[in-house]
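S.K.: Sharing the record's features from Swiss-Prot:
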- 9-155: domain 'UBC core' (DOMAIN)
- CYS93: active site, glycyl thioester intermediate (ACT_SITE)
- 159-215: region 'Disordered' (REGION)
- 161-190: compositional bias 'Low complexity' (COMPBIAS)
Amino acid sequence: MSSENLPPDVIKRVVKELKELNSSTLEGITLLPCEEDITNIEAVVTGPAGTPYEGGYFKARLILSSDFPRSPPKANFITKIFHPNVSKKGEICVNTLKKDWTEDLGLKHILLTIKCLLIVPNAESSLNEDASRLLLENYDDYCKHAKLFTSIHASKPIIDSNNNNENSTTTPTTTTTATTPSTNTASISSPVKKKTETTNSTTTKVQPKKSLKRL
C-alpha cells in the first residue's frame, strides 16, 4: 500500500516517529527506513543475549493499513525463525497487535514488543505448534531447534537498501564476522509465559554444519 492512502495527519505522525527512531538508539533494533513508502517499515532485531536467538539478525516488517492507527499494523519476520509466536510464513502473534492495541501506541513500542517476544515467548498464543510444544515439554530441545534455525538463517548481519525484494540483503560495512550461536543450553532458564540481519563483507559463505530435520 502506498503512503498516499494515509490521511495527511497520519503521514505526519509516521514520518515524525521514523525520524525519532533514526535519531535515537534502540538497543538491539536497527531501523531500515524506506523513503518511498512509509507504510512498509523494516527493521533488524538482534537476538537478545541469553536466548536461543543470541547472535542472530532477524529482519522484521511492519505493514500499516489505510486505517492506521485505528487498526494495528501487520507484523512478520522476513528472516526464518523457530518461535512459538511466529508462523512458518513469518506472521507474528502478539497481544499488542491484537486485543491490546490502542491508537496511541507508536512504532517504537511495537518494535520493542517484538524484541521482547524473543526473550519471553508465549506458548498460549501459538502460531507454530512444534515450537510451542517443545517450549512447554522440553526447553532444551526447543533451544537446540531455535539455535539451529538462527545459525542457518540469521547468522549473517543485515543491511538492506530498502527495496521490496526480500532476498536483497547484504552484510553491513564492518569487518566483524557473524558467529554461530553456542548450542549449550544449560545456562538458559526457561522464560515460558503461561496463561496468559568502510568495507565489503568477506566472500566466504557460512554453510550450516548439519541439515535441519523436518519437524
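Any Cβ shown, glycine's included, is placed from N, Cα and C.
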S.K.: Over the span of the domain 'UBC core' (9-155), count residues by DSSP class, listing helix, strand and coil in order.
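M.R.: Breakdown, helix to coil: 55 helix, 27 strand, 65 coil.
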S.K.: Express the predicted model's confidence over the domain 'UBC core' (9-155) as a mean pLDDT, rounded to an integer.
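M.R.: Mean pLDDT for the domain 'UBC core' (9-155): 94.
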